[in-house]
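Residues or ranges marked as transmembrane segment in TrEMBL: A:28-55, A:67-88, A:94-113, A:165-185, A:197-218. Summarising the annotation, TrEMBL assigns domain 'ABC transmembrane type-1' to A:29-219.
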Amino acid sequence: MFIIANSGPFALYRWEALLKDWRLFGDAFLYTILLAVGSLIVAMLLGIFFGSLSAMHNKLLNLISRIYVEFFQNTPLLIQFIVVYYGFPLISPMLTFSTTTIAIICVGLYHGAYISEVVRSGIGAVPKGQFEAAYSQGFSYGKTMRYVVLPQAWRIMLPPLTNQIVNLIKNTSTVAIISGADVMFTANSWSSINLNYIPAFALAGFLYFILCFPLAKLARKLEENNKKAYTR
Amino acid sequence: MKKTKKIFGALSLALLLGLIVGCGSGEDKNSTDSGNKGTTDLQKIKDAGVIKVGVKEDVPNFGYMNPDTNKNEGMEPDIARLIAKELTGSEENVEFVGVTAKTRGPLLDNGELDMVIATFTITDERKETYNFTTPYYKDEVGFLVRKADKFTDTASLDGKTIGVVQSATTKEAIEKQAKELGVTFKYQELGSYPELKTALTSKRIDAFSVDKSILTGYVDDSTEILKDGFSPQEYGIATKKANTELNDQLNKSIEKWEKDGTLEKIYKTWNLD
């Protein structure tokens, strides 16, 4: 234990250096939050849109949704980043996007595919009887979805949805590969200059944890409330 | 059912304690042996008959993994082979591990490598964490730019984006030079030299900066190295801080080869004069 305190990768002076530079990590934390919120909005919009497409009974719409989902689920996020960052400008100078834009769009597209699957299975899990009962009462398709099906589907979708959101937050760290100043990149960059890599990455892990854990707790609370709403 | 649960819980607790105690006693062994650690490590290498060396694999003429022959080529692997001959008697007793500016330090710390000879610039800050031998090569920082942009010198890059590799001394060197000249730059830090070259080609960065000799491996028809150079970089062989015996041994070898011209011969072989 005494060896750890004075020299080596766990040395005390390295942790003190971390404390001195906390502002750097604070800015990076805000940047990560910005990326997370931005890509979450994109992913949710895309996910709900494509999810409802595949829940309809139109073969063409189903096909469009399928292509989108299969493409983005089966290619690694990292490769998507690299292709858009390095490859697109080679095709045309107009396709040169900023690092932040690339991060939000790529992570949003990637998780949009997963969220659309969650939406589709949520809608599919509502018993067919609900649709039939609503039609028999004179509801149109749109009104059926809005008043009868989606409220029930939402309860089913919540656990996998929060799973995807937590994954999304962690995946924003991929922007480090294209030099975006988020938590992962700052930990990397700061520790490579002064070689304090243990404190840097410990802090980075901790920051991601405090970002994801409250979300998971909130989701579980919502789930409990929803359960109570539908059972007596 | 309850009984099996209790037994299972007790067993896992015992396993956990055993792991913690085991790791703890490992640390204690290190602390008591810190006096003899140097000798033990050098002797360990001689006994094992193999020295594990970290080299670059993406720097032509310095440390390059030739994809056709699958062998490590360059000045640094050659020096490593000479060292292996000194310590173990044969040039073949060397195990090369490819490293980047990022990984060369941590791999030394955790014992995976005995020494690192990978364009590692000696700085006072780094000397606190690793041992460095006397320099075996001197270089300076330069810029690789696209010919089409017609940049002339460092000052003409004012306000442009410079690409550097993470963990290299390049960014600090450029910042110092920029302050002296009264210009400012924007920076992009990427993970490896090939990434930086690709970024230069896609116009993500306006200049790729690192030691000039490393740049020579990435010049092509559409790019050129600016004549400007600054911030002399001295390369040394790095070893773990506690390994002072190995460091002294390597120091002696390098000084000997510098005097008798062996290093000069190696430079000539790789066009590094």
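Quick reminder: no glycine exception, Cβ is built from N, Cα and C everywhere.
Just so you know, TrEMBL annotations never went through curation; they're auto-generated.
When each of A:28-55, A:67-88, A:165-185 is scored by its Cβ pairs under 8 Å to the transmembrane segment (A:197-218), the top-ranked stretch turns out to be A:165-185.
The stretch with the most CB contacts under 8 Å to the transmembrane segment (A:28-55), chosen from A:67-88, A:94-113, A:165-185, is A:94-113. Only residues 6 or more beyond the boundaries of the transmembrane segment (A:67-88), in the same chain, are considered here, and those with a CB under 8 A from a CB of the stretch are 50, 54, 95-97, 99, 102-103, 105-107, 109-110, 112-114, 116-117, 171, 174-175, 177-178. Using a Cβ-Cβ cut-off under 8 Å and counting only residues 6 or more beyond its ends in the same chain, the transmembrane segment (A:94-113) has close neighbours at 34-35, 38-47, 50, 68-69, 71-73, 77, 80-81, 84-85, 88, 164, 167-168, 171-172, 174-175, 178-180, 182.
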